[in-house]
Amino acid sequence: MGNYTIAVLPGDGIGPEVTDEAIRILDAVASRFGHSFTYQKRLVGVAAIEAEGDAISDASLEVCQRSDAILFGAVGGLPSYDGSHKVKPEQALFKLRKGLQFFANLRPVKPLNSLLSASPIKAEVLRGADLVVVRELTGGLYYGHLEPPVPGKPSEIRQTEQGKSAIDTLLYSEAEIERILRVAFEAARDRKKKVTSVDKANVLSSSVLWRQVANRVAADYPDVTFEHMLVDACAMHLIRKPTNFDVIVTENLFGDILTDEASMLAGSMGMLPSASLGTHETAHGRLGLYEPIHGSAPDIAGQGKANPIAAILSAAMLLQYSLGLKSEAAAIEAAVEQVIQAGYRTEDLREEETKVLKTQEMGQKIAAVLAQ
Ligand SMILES: NC(=O)c1ccc[n+]([C@@H]2O[C@H](COP(=O)([O-])OP(=O)(O)OC[C@H]3O[C@@H](n4cnc5c(N)ncnc54)[C@H](O)[C@@H]3O)[C@@H](O)[C@H]2O)c1
Ligand SMILES: CC(C)[C@H](C(=O)O)[C@@H](O)C(=O)O
Ligand SMILES: [Mg+2]
């Protein structure tokens, strides 16, 4: 039994819809296991820009820093946001990630057996797939060459004599590469003991350095099988034979793109959770930022069509990684599996002979299983 403070940043579009369901599940966990969660809700994204003039205020960042964990919905992309403010809603993510040094983004991909037919990829290819993408989150193309790096100002457009030109710089230091590689190898030791380091070393200098550092780190983990793979080939192998992968470790933008692709192994963008971790300690463990990998999905916002499972599984990761509550996290995963197995789906996973539920109804079903 414990008391924990969770900063909650619902955000824009479907962000608040799916975050409400993640909270419903955390409440169900609290009553079943006797914990107490205090939620500190703050504005983020468009709402924060309009009310506070920034995508996330410094006061909200401080609330996050003082919490035991951060639950994030999604930001950006609302048609109602006219973009007249200089600041973009997505800058909230950069401020959080860079500001709190969440350099390691874990994105597990484990298609549920009862969802194999919901994926466009053949069931026999998917069966047994269980991988995690370790995405570097505070460097690379997102932060460019600015020294010191300015969160949320990753690129520059310049006026030249020939017209406008724009530049983005992919910069990595050895230390940044080494720490993310170590996260990957440590994760592999608890899993199937294989690391695939993904880069573009046939073109990019940053990837050549990435390979050198990766080889050095790999030598410290002789018990882990290690390979390099070019990112374009990886995009293909991911859907050709996903069972060949265990831990994929890669640069910020490559990890962003590969995980949207990988979400289709699990059937939908609405299925993949994530944990972003750094080194900041709390009274209960390590501070982390937990969010679905998907965005604000303006095309389905406000219609009850959003799948809340990615947010709910992010809450499970929060319990596991920041609060050390492993059985509670496992109970959420089992409840999700049971509800899907029973044939309940949200719109994105609609198939014949399934019962399609609204966002809230899906949350209620999963909470009801947890209450049993
Ligand atoms: N972490 C974040 O806050 C985050 C992540 C990704 C994108 N974004 C932002 O979101 C906005 C929209 O981006 P986008 O449309 O390219 O990507 P998106 O992830 O919002 O949506 C892509 C597609 O997946 C579907 N989808 C996403 N989540 C779903 C869910 N839970 N249930 C069912 N279907 C779901 C959407 O309907 C859409 O068709 C952009 O402004 C982008 O910058 C934010
Ligand atoms: C919204 C965007 C900045 C963000 C990213 O690219 O990191 C998103 O796509 C993600 O995957 O978390
Ligand atoms: Mg993304």
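Cβ atoms here come from the backbone N, Cα and C positions, even for glycine.
Residues or ranges marked as substrate binding site by TrEMBL: Arg97, Arg107, Arg135, Asp232. In the three-state DSSP classification, Arg135 (substrate binding site) falls within a strand. Arg135 (substrate binding site) has a Cβ environment of 28 other Cβ atoms inside 10 Å.
For Asp232 (substrate binding site), the same-chain residues 6+ apart in sequence whose C-beta sits under 8 angstroms from its C-beta are Lys200. As annotated by TrEMBL, Mg(2+) binding site applies to Asp232, Asp256, Asp260.
Under the heading NAD(+) binding site, TrEMBL lists Gly295, Ser296, Ala297, Pro298, Asp299, Ile300, Ala301, Gly302, Gln303, Gly304, Lys305, Ala306, Asn307. The DSSP secondary structure for Asp299 (NAD(+) binding site) is coil.
For 5-366, the entry in TrEMBL reads domain 'Isopropylmalate dehydrogenase-like'.
Among the features that TrEMBL reports, site 'Important for catalysis' is placed at Tyr142 (among others). In three-state terms derived from DSSP, Tyr142 (site 'Important for catalysis') belongs to a helical segment.
Cβ-based neighbour count (10 Å, all protein chains) for Lys200 (site 'Important for catalysis') stands at 18. The site 'Important for catalysis' annotation in TrEMBL covers Lys200 (among others).
Selection of the recorded positions Tyr142, Lys200, Asp256, Ala297, Asp299, Ala301 by a Cβ distance under 6 Å from ligand 3 yields, in sequence order, Asp256. Proximity of the binding-site residues Arg97, Asp256, Asp299 to ligand 2, judged by a Cβ distance under 6 angstroms to any of its atoms, singles out Asp256 in sequence order. Among the binding-site residues listed (Arg97, Arg135, Asp256, Asp260), none has a CB atom closer than 6 Å to any atom of ligand 1. Counting only same-chain residues at least 6 apart in sequence, those with a Cβ under 8 Å from the Cβ of Arg107 (substrate binding site) are Val132, Val133, Val134, Arg135, Gly255, Thr259, Ala262, Leu272, Pro273, Ser274, Ile293. Confidence for the domain 'Isopropylmalate dehydrogenase-like' (5-366), expressed as mean pLDDT, is 94.
Secondary structure from DSSP puts Arg107 (substrate binding site) in a beta strand. Between the C-alpha atoms of Ala297 (NAD(+) binding site) and Tyr142 (site 'Important for catalysis'), the distance comes to 22 Å.
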